[in-house]
Structure formats: C-alpha cells, structure tokens
Amino acid sequence: MSVAVSRPSSSISHSFDRHLPNYDDDPLTAALAPPPDETAEQRELREAAEAEARRVSDEIDEQLRNERMALKKKKAPVKVLLLGQSESGKSTTLKNFQMQYARTTWLAERSSWRAVIQLNLLRSINNIIDHLSHALSTVPPSPTNTTTLPNSSGSGSSPPSPHANHQTFSHARPSTSTIATTTSTGQRSPPTRNVDLPGITVTAGIEEVHHAGSDSAGAITPPRTSPPTSPLLLGPLQWTDAHRTLKLRLAPLKGVQQDLEARLGSAAEEPTTSTSEPHDALPMPPPPLSSVPVTASAAAAAASAGASRRPQEFYVRSRDGWKSALEKLKPWAPSSSGDSAEETLEKRARRKEEEVSGVLAGCGEAMKALWEDGVVREMLRRKKITLENGPGFFLNDIERITKRDYEPSDDDVIRARLRTVGVQEYSFSIEQGRTAGHEWLMYDVGGTRSSRAIWYPYFDDMDAIIFLAPISCFDERLAEDRRVNRLEDTYMLWKTLCGLKLLSKTQIILFLNKCDLLERKLQAGVRVRDYVPSYGDRENTVETVKKYFQSHFKEIAKQNSPEQRRFYVHLTTVVDTRATAATLRTVEEGILRDSLRRADLL
C-alpha cells in the first residue's frame, strides 16, 4: 500500500515568504553597511574612523564607571541641626565650628565682619542716646552747670551746641570718677566711677537681666528688697549741658547706622516683643511649671509691657545666613555730585568704608565719654538696661574699634551679632585632624516661638542635634511673650524633642550654655531659689547650680524619651573660643562615630 505525500502548493510557500523580515530593507543595516562601490582607500579611512569612535566611547564608559565608584566610596555628609530658643548661642556655636574646622574660609571672611561689628557698636550707642534724649527732654538746660568734654580729632563736622559758650573741649573728658551729684537736701554726694555705688546692693541692675536695650524687667518676680538709700539712687539724675553736647556731637551716628544697615542688603526691623499670645509651633504649649513661679503681679506687669518696651532688632533675610549677608556689603551707586565713569565699584566701596571709619574715629572719644559717664550708667541701671549682658556688646572696646585701621579679631567675630531670619545652611569640609576631608552640613534655624514650625522638616534626616539651653536665664522672660520664663520655655523645648519618636535614633547633644553669665549673676547675689523654688536650700554656688540644672535636664530626657538613649551634655560658654574648641573636638568625634555606626561602617 503506498501513501501519497503531497508537497505544499507554491501559493502557500509564497505567502509564508512574504511574512519573513527582509533584512536587506532594514534602514539601520543599510546605513551601517559600506557603500557598494567603496574603494580600498575609502574602506581604510572608514575603519580608522570607526576605531576612533569606539575608543572615545570606551573612554566615556570608563569615566562613568569611575564616577559611579567614586560616589559609592564618597562618605555621606554629616548633618547637624542647631536648636534652641532665640539668643541661646546657636549662631555663635556655628561660628566656632567654622573657626575651628574651616580655618581657610574663616580667615577669608573675617575682615567682612568689620561692618557688622561697627553696626553692633552703633546700635548700642544710639540706644543710649535715645534714652538720654528722653531724659534730657524733661530737664530744662542749666547754663551754670558745665562739664569739660573731649574734642575728638577730625570731628570738625560735629554739630554746634546751643550752649557752646559754656563748654570747653580738651582731652580731660568727663570721667565717671569725677562726676558728683547733688541730693535733694543740697548736699554733695561723693564722686562715683560706676554703678557700684557705696550703699547700693550689688544685685542692682543684674537680678533682672534681659536683652540689651530693654527698659522692662527681665525677671519673673519683682525685686524682693528695697535697696539702701543713696543720693544718686534716690535723687534726681544730675544732667548737665555736657550731656546735651554729647548728644549733639553723636547725632551723626544715627545716619551711619542706617547706612550700614542698608549696605547689608535686604533688611528690616522686627519687633522682638508681642502683646498677644504667640503661636507655639511645638506640640505642647508652655504653661508655667511648678519649678518656675509666675506671680500675679509679674504676669500683669508683663501683659502691660507692650511691644514698645524693647527696641526693634535689625535682621537680614538670607538662605545662606551671614555669608550671603556679608556679600551684600555692596558699593554704592555713583552720586549726582559726580563720580567719574572710570571709578570702579571696588574703589567706591572702599571709599564708603573709609567714610564710616572716619566718622567713628571722629566720634570715638565722645562715644567713650558717654559710656563711661556715671549719670548715664545710673540712668541705664534705673531702667534695668544691661547692655553688657546682651549679644553684640562692644562698648568696652570703643577705643579699639573706632580706629581707622581696625581689623576684627576671632573673638570679635564670635561676639558679633547679625540676626538672620529663616533656616541657614552652612557646608564646610574638615580641613585638619583625623576627620579631615569629611563634609559637614549644619543648619541654624530660628529660635523664636513663631519660627519653630519650620523645625519639623529637618528632623528625619539629621545625624545629630545640638540643643542649646542658656542656664543663665532662670530669672528672665521671653522677648516674644513676657509672661513666660525663659528657663521654662527651654524645659518645654527639651521635653518635646526628647519625646519625639522621629528623633529616637538621632543623637541629641545638650549644651548648657552661658555659664559665664550664670556665674556673674550668682556672684552679684542673685539667688536661684527665688526663681526656682524646687532648688530648695542648696548652696547658691556656680558648681551646685550647674549640677542641679544638669540633673534636671537629664531627668526630663529619661522620663520622656520613647526609648533609652545616652545623655550627652556639655557645660559651655560659646563666646570663650578656647574652651569651646576643646568641647567641639569631643562633639565632632562623637557625632562622626555615631554617623559611621549608623551607616554600618563600624
């Protein structure tokens, strides 16, 4: 039996072939194929070009591979967040970090701080002049009461005094040691050098310390005792025509201050006090703790203080902090009086700086006489204005800063005050030491109660948080809300940070700051137990007070942390650069070690 095998029809075969791809019609293949009429010479050139193209492509691939490997090997930057209430020392701590670990950049920027330091000095002087003007406006001029004043060199443009016939200008400026006062009974009081007068308690003017320039009390409770009688303390202040002349001679400093503020760029003045309850950005409001009393009279006085009690503070809006602000010391535009077209911007900027320095040099002696005047100092004491305890205080350095060739020192820059609003980010690489080459990112955020809402976005990506708690402020009140004790506010911030689950794995380092001011207050006789009843009958000594505050912060952390964490604490005075340098070395090693451990590199 035979089986017939039929072959597929030709029509089916042709149909199948039509569905197969035709490689001869592929455009890419056609483009890469050599020309059909290519000669041997052309083929040699083509192959050489293709080889060169492959070589370049291989180099690019190799470069990309190397970059990927470098990124893998590169250490992630160490991120540190600085937190604390306003004027707790955050910016000063940051400047210490830069001075210690980014010295090259620090030296390049240091001279730019001269304008800021000059502005700090001018703000203090003009603040005194404002209070002096108010005091003189209530006292009629006395043509027979004269005092010798200095005649500063180069001050020919000083405004004339309406009582010039009664003034003589010489180098025998009025010293605080030569000023005597007359009591209401007509008796002369002994000369005085400063506010530490015989018969006046040493706590005068210190027990209620607050921001420079305030004439409102800084303590929660009112004075506990009446100071002993003193002619200068109880009698009217003895203003003379010399004080009026001082005010007139220093009048140009108002314009110089405004010029410096304008040169710092986009700036404004912001009230530092609020009569209404400010928004508290953190989860818990700050009601008074039992450890910090608030009397009814103190609360009423604080509520009636008003925003006018404290001067408005100059600040700059800058994402890059003071670096951007210092860069805004721009030269002035040509004036209509005719700057030549060839004059460079750099020359105009230098000329403006020389003008400011010239005015300060011409007014230096008068500024010093104003600050050292015993009646002026007593006026400040009565108004409870403690400029020396505020930021940006340079009144004891007038003679040095008003020199034409003045250049800022490291300590000057550390003490300088330039308030910036918003979050400031600073990046620098460690230049020396065992951690040289590591990149650090530090964030300085606003500490006022209205600024704390911006803290949260930075909590989930930080290697460490440095929290600054000024322990000298146990007798002061918040600038934003005079009903709240500053130490109480710090306790609340610390309690909130320790209790956040988001920060349970983040290293939190506590700086108990401003130990120098704490020591000064205790030596002046201020008793902690009068403001912190829980302090009890402990000794009112610096070491005992430090130990008490340290244990209290530790207990807050222990009770509120979601899980057990180590307690890192340092007693600091961040304006003391030498002592702070040793602290920062310890902090730097600890932060870096913890950062590496979290990255599983240890």
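The backbone N, Cα and C atoms fix where each Cβ goes, glycine too.
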Which is it, of 1-54, 379-432, that TrEMBL names as region 'Disordered'?
-> 1-54
Near T420 (Mg(2+) binding site), how many other Cβ atoms are within 10 Å of its Cβ?
-> 21
Number of helical, extended and coil residues in the compositional bias 'Basic and acidic residues' (40-54), per DSSP = 15 helix, 0 strand, 0 coil
